[in-house]
Amino acid sequence: MGTVNVVRVASRHKLSWYEKFYFYSIGKGLWITLKHFIKAAILRKAVTIEFPEKKRKYSTRFRGMHTMKRDEQGRERCTSCFCCMWICPADAIYIEAAEVTPEIQHLHPEDKYAKKFEIDLLRCIFCGMCEEACPKGAIYLDGPGEMATDNREDLILTKERMMQLVGGPIIGERQ
């Protein structure tokens, strides 16, 4: 008797819907990559922005450096209520309160003020919760976006560095 060779013929695997979607997504990603390659290599269009000469436009919702606002009379809006310090998830805000004396009464609308107000940008995650928590609208994240430095002390913002001269947005409005 002779031996019989048995050959198994495998049926073709049918792709499920998620496998089809996966291949579609891969194809779409490759198409986007090809478009960018054609723009950069063949058409010689610039991909990057030359930073110091050209600055990009930021969205109106962009969260930049922290700024502190003054009211219309030029007084500090911050009344040292500690709301921003308590709500900060990164614990990046430090406030030291002091009583307002008669000599500086014209600078502060309430009976206490922030003697020391510091934000550690090395810890800050720019979540904007301090801006939302402030009942007086004293702190906003609408400053410049460039904050590179070679000195760690420059990344600790003091009240004097954050304070703007006069005005600022009305509570709840962005510039």
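Glycine too: its Cβ is placed from the backbone N, Cα and C atoms.
Using a 10 Å radius centred on the Cβ of Cys134 ([4Fe-4S] cluster 1 binding site) and all shown protein chains, the other Cβ atoms total 21. Per Swiss-Prot, the feature [4Fe-4S] cluster 1 binding site maps to Cys78, Cys81, Cys84, Cys134.
The feature [4Fe-4S] cluster 2 binding site is assigned by Swiss-Prot to Cys88, Cys124, Cys127, Cys130. Taking all protein chains in view, 21 other C-beta atoms sit within 10 angstroms of the C-beta of Cys124 ([4Fe-4S] cluster 2 binding site). Reduced to three states, the DSSP call for Cys124 ([4Fe-4S] cluster 2 binding site) is coil.
Packing against the domain '4Fe-4S ferredoxin-type 1' (69-98) from elsewhere in the chain are residues 106-110, 112-125, 127, 129-140, 159, 163-169: each is 6 or more residues past its ends and has a CB under 8 Å from a CB in it. The annotation domain '4Fe-4S ferredoxin-type 1' is assigned in Swiss-Prot to 69-98.
Same-chain residues lying 6 or more positions outside the domain '4Fe-4S ferredoxin-type 2' (115-144) and placing a CB less than 8 Å from one of its CB atoms are 62-69, 76-81, 83-84, 86-98, 152, 155-159, 162, 168-172, 174-175. According to Swiss-Prot, the feature domain '4Fe-4S ferredoxin-type 2' maps to 115-144.
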Neighbour count (Cβ, 10 Å) for Cys88 ([4Fe-4S] cluster 2 binding site): 20
Cα proximity to Cys84 ([4Fe-4S] cluster 1 binding site), best match among binding-site residues Cys124, Cys127, Cys130: Cys130
Secondary structure at Cys84 ([4Fe-4S] cluster 1 binding site), reduced by DSSP to three states: helix
Neighbouring C-beta atoms (10 Å sphere around the C-beta of Cys130 ([4Fe-4S] cluster 2 binding site)): 25
Spatial neighbours of Cys127 ([4Fe-4S] cluster 2 binding site) that are distant in sequence (at least 6 apart) but have CB under 8 A: Pro89, Ala90
CB-centroid shell, 8 A cutoff, [4Fe-4S] cluster 1 site Cys78, Cys81, Cys84, Cys134, site residues removed: Thr79, Ser80, Phe82, Cys83, Met85, Ile95, Ala114, Cys130, Ala133, Pro135, Lys136, Ala138, Ile139
